């Protein structure tokens, strides 16, 4: 890829990774409109690293507190709200890990088409709207409990289907289960850390085993652009939902789904 493609695709990935609007739906548009080829494994690793650094840095205080409390619960038997939340996040990660390994090949073969992405973009946009309208919006992430955490984890596993949006599915589930908007978003973002880390490790392993020549300058650019875009996106998203709710993102998803359908049937 040339520098322009790296910047545009890393910007798209960084901006859409944490918004409930589906990164896969957006990454398909350049290929449809401009005829760009698949970005490749090295680029995927780079943007995942950039997104991971962004969410860890943004929630650095929470991450440190969760990690230290989790370790204290293991080695010292000390229980706290943070240790419970850390265990719930780990529990919520398991469905995506298990189903991801089990269904990876099937998803790659049958569910990566633009038609599937268009349908899921619209369908899960409507679910997000319904959840935002009907939610009690009373609970914080510290009141989630293991049952709700596991259900949110299964929602995260649904995001293995392209077009669903990991953050969209998890925030929708959290709202349905009674979390307030900010808590739903924070829980979703914290849940993303082990998932993105695991994906980056697996893709890095595949990359080095493939023996492909790595353009480290393009990789560094992809990391930097996706980091800045993702960090900015997290900050603005939390401000927007506290004032306007999920409606702007629902409208955007419906418009994007319509645009994808137009390209499919043109």
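Even glycines carry a Cβ here, placed using N, Cα and C.
Annotated features, as they stand in Swiss-Prot:
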TRANSMEM  1-21  transmembrane segment
TRANSMEM  39-59  transmembrane segment
TRANSMEM  83-103  transmembrane segment
TRANSMEM  111-131  transmembrane segment
TRANSMEM  144-164  transmembrane segment
TRANSMEM  183-203  transmembrane segment
TRANSMEM  218-238  transmembrane segment
TRANSMEM  246-266  transmembrane segment
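The transmembrane segment (144-164) makes contact with the transmembrane segment (83-103): 3 or more of their CB pairs lie within 8 A, with pairs spaced 6 or more apart in sequence. With Cβ pairs under 8 Å as the measure, the transmembrane segment (39-59) is packed most heavily against 218-238, out of 83-103, 111-131, 218-238, 246-266. The recorded stretches the transmembrane segment (83-103) and the transmembrane segment (246-266) do not share 3+ CB pairs below 8 A when only pairs 6 or more apart in sequence are counted, and are therefore not in contact.
Counting Cβ pairs under 8 Å to the transmembrane segment (111-131), the top-ranked stretch among 1-21, 183-203, 218-238, 246-266 is 246-266. Recorded stretches compared: 1-21, 183-203, 246-266; the one with the most Cβ pairs under 8 Å to the transmembrane segment (218-238) is 1-21.
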